[in-house]
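For reference, TrEMBL has these:
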TRANSMEM  12-32  transmembrane segment
DOMAIN    16-298  domain 'ABC transmembrane type-1'
TRANSMEM  52-72  transmembrane segment
TRANSMEM  133-151  transmembrane segment
TRANSMEM  157-174  transmembrane segment
TRANSMEM  238-260  transmembrane segment
TRANSMEM  272-297  transmembrane segment
DOMAIN    332-567  domain 'ABC transporter'
Amino acid sequence: MDFLKKYIRIYWKKYIIVLIFLTLEAICDLLQPTIMSKIIDNGVAAKNLNYVFHMGGIMLLVTVIGAVNAATRNIISSRVSQKFGTELRGDLFKKVQSFSFDNINKFQGATLITRLTNDVTQVQNFAHGMMRIFVKAPILCIGSLIMAVLLNPPMALILIGVIPVIFFIIYLNVRISYPFFVKIQIALDKLNEVMREYLSGVRVVKAFNRFAYELDEFKISNDNLTNASITGMKVVSIFNPIITLVINLGIVVILWMGGIKVNNGSMQVGKIIAFINYMTQILFSLVMMSHVFTMFIRAKASAERIGEVFDQENSLREIDSPADVKNIKGKIEFKNVDFTYSGSLNPVLKNISFVCNPGEMLAIVGSTGSGKTSLINLIPRFYDVTSGELKIDEINVNMMNLKELRDIIAIVPQKTMLFSGNILENIKWGNENASVEEVQDAAKIAQAHEFIMSFPEKYTTQLGQGGVNLSGGQKQRISLARALLKKPKILILDDSTSAVDMTTEGKIRRGLKLYLKNTTCIFIAQRITTIREANRIIVLDNGMISAIGTHEELMKNSDIYKDIYYSQMGREDAEYGK
Ligand code: M5T
Ligand code: MG
């Protein structure tokens, strides 16, 4: 939990100030019963009204001082804990942003969200508690003990009998209830996960009429949470009355002993009342401290989970003095590259070697699962090669600054990802400073301009989260426009026109050809009509390059390629009238 050190360094001074206020506040609380006992014994019992007024005034003053202290302390502590929470959440978010794909795969999405929200709140609440009752309770407890002993040492012996009993009960309480708190946390995590999965897949759930199934899943998680919470509450519900009972028994004993003492004149009524006050204060602060303990345990679990995120070392190491990439031409070279996803044993890519020259168009074909996406994901270093070398213009990508490397590459991922905001904003992700004309040009090449203009709000049409209000092909075209606007040195298209009809795809291809003159383009496609235009084609089979060459070459010497060709040609010949 080293990450907490940073915040301790920032806030320790304010914390000390809070502690001073807190101590003053506690002292005011501690003085009250003694003043009251004096009023009763010397004022009321002796019928001395002046004394009553005098001491009453002092009591009021002490109360006011206590209240002012409490208010000031509250203002400071709320501010500090809120700021601490905000900063912690911000730092955590920054850390997550720096994560590589590998790092993110290690945490499931849902747990990252709980870590960022609930866990931070737990730690923040605890920090707030540390500036309030958590520290005040021990001060009150010790202070009351001292006052009680000063008041009447023999009677303070009763406390020696009661305090261990309470301690024992509290100990039992914590022992028994702790596992339930852990269970509640786990159940909450699970519930979040189920909910997230449901919400992100709501369309499919509806399409497959899987409501009942999802409802069951949800019900199970929801019930688990309820059961864990109820059992936890049950334990607390049993222990709280027991503690109150013990405290009340202590009061009865004091009243009984005190009664005898008052009768034989060795003690005054006011002192007995004060004594009872101190005792209840001691015992309730003990109970408070037990709450502190459970909160501490929860906060500790949360802090550990947050710590895991902070401790997660970025699996992509950045070089200290990166190579210069300003004059990159865009030559890509794979040299005996193997790649295995971390946590998996089987390599996804085996001994991949090829060169793609600047400005060249290289196509990759292969059956689904053959490793096409995995291969292109290595170029912008979404993942690092397991062995072998990946070079751009003779420079190993590991020697480049990650941001600069990604700046020269634009990628249209297989799964289109758009963000909430309007179409213009989404395309401008490619280049924030692009002019309207540039955006429109990119959209025209991507064959997106026309349909965008057909919307009533045109480029300012709002997109829902993930671009839900667009068709699959429309999303792909906007995603393509976004990549084109970046004017990259290297353009990577991962099956980026799979949802676009053939006529439109033909138009896109022709536009791209002109646009891509100085751009190296690696694209994955399924349709032979798209692929055959490439300068060279790689046939990927089960993670290995089975053949590489032009369309004509492959037609001669690659059986896999020929299979793909003939399986499609019947259909496409007809469509293209060849
Ligand atoms: C190749 C595995 C996957 C498959 C193989 C993305 C990803 C893939 N895999 C993982 O284990 N973890 C991952 O994060 O790798 O997958 P691919 O590279 O996605 O194949 P493709 O692009 O050729 O397939 P497709 O369907 O997009 O044409 O065994 O399990
Ligand atoms: Mg793929």
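Just so it is clear, glycine is given a Cβ too, placed from its N, Cα and C backbone atoms.
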Within-chain partners of the transmembrane segment (133-151) [C-beta distance under 8 Å, separation at least 6 from its ends]: 19, 22-23, 25-27, 29-30, 33-34, 37, 126, 159, 271, 274-275, 278-279, 281-282, 285-286, 288-289, 292, 295
For the transmembrane segment (12-32), sequence-distant contacts whose Cβ falls under 8 Å of one of its Cβ atoms, 6 or more beyond its ends: 59, 62-63, 65-66, 69-70, 72-73, 76-77, 80, 130-132, 135-136, 139-140, 143-144, 147, 277, 281
Residues from the same chain, set at least six apart from the ends of the transmembrane segment (157-174), whose C-beta lies under 8 A from its own: 145, 148, 235-236, 239, 242-243, 246-247, 249-250, 253-254, 257, 279, 282-283, 286-287, 289-290, 293-294, 297
Positions whose Cβ lies under 8 angstroms from the transmembrane segment (272-297), at least six residues beyond its ends: 29-30, 32-34, 36-37, 40, 125-126, 129, 133-134, 136-138, 140-141, 144-145, 147-148, 151-152, 155, 158-159, 162-163, 166-167, 170, 173-174, 177-178, 181, 240, 243, 246-247, 250-251, 254-255, 258, 261-262
Intrachain neighbours beyond the transmembrane segment (52-72), with Cβ under 8 angstroms and 6 or more residues off its ends: 21-22, 24-25, 28-29, 31-32, 35-36, 38-39, 42-44
